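Take a look at the structure set out below.
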Amino acid sequence: MAADLPEATVQNILDQESLKWVFVGGKGGVGKTTCSSILAICLASVRSSVLIISTDPAHNLSDAFQQRFTKSPTLVQGFSNLFAMEVDPTVETDDMAGTDGMDGLFSDLANAIPGIDEAMSFAEMLKLVQTMDYATIVFDTAPTGHTLRLLQFPATLEKGLSKLMSLKSRFGGLMTQMSRMFGMEDEFGEDALLGRLEGLKDVIEQVNRQFKDPDMTTFVCVCIPEFLSLYETERLVQELAKFEIDTHNIIINQVLYDDEDVESKLLRARMRMQQKYLDQFYMLYDDFNITKLPLLPEEVTGVEALKAFSHKFLTPYHPTTSRSNVEELERKVHTLRLQLKTAEEELERVKSG
């Protein structure tokens, strides 16, 4: 079934010039970082500037490009308009807390609201990014569960803001009095955390609007043709719909293509299994752009390897057709050699006459 359907590419993403935010996510171990890196490379060929951000604590982006990245945008070697950065999705509590006896109180307040630390960290990062002039920003996200929490950050921060407003109205100047007791009035007051959240409010509202705008934001799901990955992809697509975040591209990675030369029973069995799930992907997501990528015998690391693999994102991969073309050319060469040999023998007979 899947083999009969036309192959899609990620060209539609490159053609959508209004896109500002591109998220790449999926189950762990499916090749998200490789796909997000190559997608950023493809976008850099048609955009004035591209920034790729890793929000995965594992930070595989440096490994993919074989270049050290930090929490500040760094120019990727070999490019003039592609930048990369790796950020910690959890807030640095040392930056948030006071000193001496107050840091425990501050931490308790921050931790009292589930997810507030990650949400504030992500909002601060977006606030920084928005001050920079990048045409498109690609997110290499953590596995599905972390990604969904990340996408909830606007609601989490709004909830945190309302809770702290409620605390302020109920307890008045209690926190200010406590800060005076510790001699920290200048460093910590009742409005410290509240002020920080309010400072992010405009960013939250603006980004939330942009994330829900299909002209500005899209989510690319990366998966492999196996049951658990199919399940995670469906869960992700359903959750994205709840968040009103556009998604219309799926990349199916590590596909084994049918090859007449394959004799291994194990590979044949894996091909049959993959084909079953490929059919299900095409049935479930018949209105999506589905890009299939082959399983390679080696890892794709380093700029040159990423660039070499990038053409498979824009041109459907057809190994059978390629093999047939090569075999046809080889047959033609063999025939011409035979004809040349026959002609040379005929020429020798004529000469010896």
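In case you wondered, yes, glycine gets a Cβ from its N, Cα and C as well.
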Identity of the ATP-site residue among N81, N253, N289 (reference: K27, G28, G29, V30, G31, K32, T33, T34, E226, source: Swiss-Prot): N253
Length of the line joining the Cα atoms of E226 (ATP binding site) and D56 (active site), in Å: 23
Tertiary neighbours of T33 (ATP binding site) (same chain, Cβ under 8 Å, six or more apart): S54, D56, N60, L61, D63, A64, D140
Recorded positions compared (D56, E226) - highest count of Cβ atoms within 10 Å: D56
Site extent for ATP (largest Cα pair distance over K27, G28, G29, V30, G31, K32, T33, T34, E226, N253, Å): 19
Residues that sit under 8 angstroms from K27 (ATP binding site) by C-beta distance, when 6+ apart in the chain: P143, T144, C223, I224, L228, S229, E232, T233
